[in-house]
Number of protein chains: 2
Amino acid sequence: MSDPAERAAALDEKDELRPVREKFVLDDTVYLDGNSLGALPGHVPARVADVITREWGELRIRSWEESGWWTAPERVGDRIAPLLGAAPGQVVAGDSTSVNVFKAVVGAVRMAGAGRDEILADEASFPTDGYIAESAARMTGCTLRALPAARIPVEAGPRTALALVNHVDYRTGRLNDLPAVTAALHDAGALAVWDLCHSAGALPVRLDAHGVDLAVGCTYKYLNGGPGAPAYLYVREELQARFDSPLPGWNSHAVPFGMDPAYAPADGIIRGRVGTPDILSMLALEAALDVWDGVSVEAVRAKSLALGDFFLECVDAYVPEGRVRCVTPREHPQRGSQIALACADAGTVMTELIRRGVVGDFRHPDVLRFGFTPLYTSFADVARAARVLGEVVG
Amino acid sequence: MSDPAERAAALDEKDELRPVREKFVLDDTVYLDGNSLGALPGHVPARVADVITREWGELRIRSWEESGWWTAPERVGDRIAPLLGAAPGQVVAGDSTSVNVFKAVVGAVRMAGAGRDEILADEASFPTDGYIAESAARMTGCTLRALPAARIPVEAGPRTALALVNHVDYRTGRLNDLPAVTAALHDAGALAVWDLCHSAGALPVRLDAHGVDLAVGCTYKYLNGGPGAPAYLYVREELQARFDSPLPGWNSHAVPFGMDPAYAPADGIIRGRVGTPDILSMLALEAALDVWDGVSVEAVRAKSLALGDFFLECVDAYVPEGRVRCVTPREHPQRGSQIALACADAGTVMTELIRRGVVGDFRHPDVLRFGFTPLYTSFADVARAARVLGEVVG
């Protein structure tokens, strides 16, 4: 192709998301690890400082009401909802992804019809999903069967309570077919539980449109909420009255300050809450979500795919043939927002890339992972990453 | 008694913890709600600012290793441990108290001998403990029996797997007899699981000395960790190899980055972890714990009792006879670090107290709760609180 650096400059010039990049704290590093920890939005430190010094330090206990702390989990959930294609009142923020997987899987088993005692799980999932699904199966008298995501529509049957599926595979970056898998599960009378960790904020999810039943995801990747920021749980509105949480903490009670020794769940998505929400992290996340104001997920998706295509072109131009092998599908409908390259000595190669200012990550055993966050990744970043990769493996 | 204000000045004069008060952000308010949300230690904002701007903003993903993020849960646990009378390696921070109650109760059921299918729970517990214990019972095939803490030693029998008991009652401030109840449970072959939310940081707990099996607690009360700061889980060292968590997230795996689809628990207290730790809140808590440097829990306990005694004397002096009734035991061995006064119209009275600069809290249906945090509560605070209370109800 023509000179990648020139091409990159032209692509950046016409990038409509370019002004959003200014909202982030970046440096000379090419940061392609936003699919692990998103970069810091520049306005977040001041917001957190205010939460700490004024809301905690001065108002103290009054902030639970006066600063809106108490209602933050559902308020932040409603801020995340549009990125998931979800109407308000169906997403609640809090706890870790693992804890939310537990709520979602147990909740789905309890909603499933009689005789449905089998949980299917995408075998390529990030391991915590499988570990937690196994625990949920053990504690609900179900059996867990792990299989490739593509087999789930075929294998779901009359005993299937639910399938837990990754929207985007954390290792390969493959995008699973959410509409088709959800529809097939519904045809089998089973529920669809999706893990959106690697898709939300990178591509349109459309939970409501596709009738997804439950979903979970983290907020520290493409949502830039900060290290270990609270995860979220989605429960489709029609199912909320039947959502029977295995973690019925006092924050999910209908009258939390009634101090009733008998549990009675709140209406709506609030029943997905558990204990006291982690306010510093929750409000850092809330602030971080401001960068989405005026940004459409469709524009993000278009740029994400363009970044991936351009990266692959640059890899072809810079990296000696045969030295790396792309394990991410090249077809747009099957691709998330990362490119994964299999490579001998991938661990050593990534260490050297990082030393030279190109930050991706290594996933056992042989994968170099490059994540594109369209809000701040530029085409120049991508060209430089491929060039340095070529130098390192050349 | 002699003039309470003069007495208060003399008591403050000889208070050895007086210099610690300078480490907190306080104002003209008398803040007696540290048993709900501890005051802000003055150095915390700068530490959190550094975590956000440098560790997250500049180092980004590298901070998981270089800034010690990954090991924070067990490092912070070891900072909390001395306040619980626990040797290192037995406490891990993370998740909410409710989630930790679930881990502890299910974990204890799984450690209990065959045929032990009954869970006893302190009926006066903060409600979330009962809700979660009920869920744990349901999911492990046990029955839950709620009863007064004092009955637990008598009622524990050959079917008892464990009892979940509050160290200090959140409403009345009664201190339960941890050594005796623990010993009685052990005599019955059952495990003792303690909730330390209202005792840790206010009085000596001595988990190791009394052979407590598991314990949980929050860190936003007497440990001043900030709103919704991570809770903690204690598992006695000898039991850790048998601790089988119902929430086996990837952070509790023996080789978390091995990405093994099969779960294998880590050794030690690390197996009490679940998902990715909430770093901003976790490191705010870690910083907040610095105020304990050089402070002994014994000195805190002595001052706590002196504050309570003095408050009761001042209430006798200022509040018209019969207008309030102390529901906290006056005897030191049965008292935590709060005084609870039953009072007609308690809700209205507390609202007026707060309006006049005395912040306690109201607990349904008729309790005024005044918490004493010996690190920053002064005798002058206590005298003023009683005086204003007398004015409000007089």
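FYI, residue positions are counted from 1 along the chain as it appears here.
Glycine too: its Cβ is placed from the backbone N, Cα and C atoms.
Here is what TrEMBL says about this protein:
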BINDING   B:THR97, B:SER98, B:PHE126, B:PRO127, B:THR128, B:ASP129, B:ASP195, B:HIS198, B:TYR220, B:TRP250, B:THR276  pyridoxal 5'-phosphate binding site
MOD_RES   B:LYS221  N6-(pyridoxal phosphate)lysine
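Counting every protein chain shown, 21 other Cβ atoms lie within 10 Å of the Cβ of B:PHE126 (pyridoxal 5'-phosphate binding site). Non-local neighbourhood of the residue listed as 'N6-(pyridoxal phosphate)lysine': B:GLY34, B:ASN35, B:SER36, B:LEU37, B:GLY38, B:CYS197, B:HIS198, B:GLY201, B:GLY371, each in the same chain, at least six residues away, with C-beta under 8 Å from its C-beta. Checking the recorded positions B:THR97, B:THR128, B:ASP195, B:TYR220, B:LYS221, B:THR276 against chain A with a Cβ-Cβ cut-off under 8 Å leaves B:THR97, B:THR128, B:TYR220, B:THR276. In three-state terms derived from DSSP, B:ASP195 (pyridoxal 5'-phosphate binding site) belongs to an extended strand segment. Here the Cβ of B:THR276 (pyridoxal 5'-phosphate binding site) has 24 other Cβ atoms within 10 Å, regardless of which shown protein chain they belong to. B:PHE126 (pyridoxal 5'-phosphate binding site) carries neither a helix nor a strand DSSP state and counts as coil. For B:THR97 (pyridoxal 5'-phosphate binding site), the count of additional Cβ atoms within 10 Å of its Cβ stands at 28 [all protein chains shown]. Taking all protein chains in view, 28 other C-beta atoms sit within 10 angstroms of the C-beta of B:ASP195 (pyridoxal 5'-phosphate binding site). Counted over all residue pairs in B:THR97, B:SER98, B:PHE126, B:PRO127, B:THR128, B:ASP129, B:ASP195, B:HIS198, B:TYR220, B:TRP250, B:THR276, the record's binders of pyridoxal 5'-phosphate, the longest Cα to Cα distance measures 31 angstrom.
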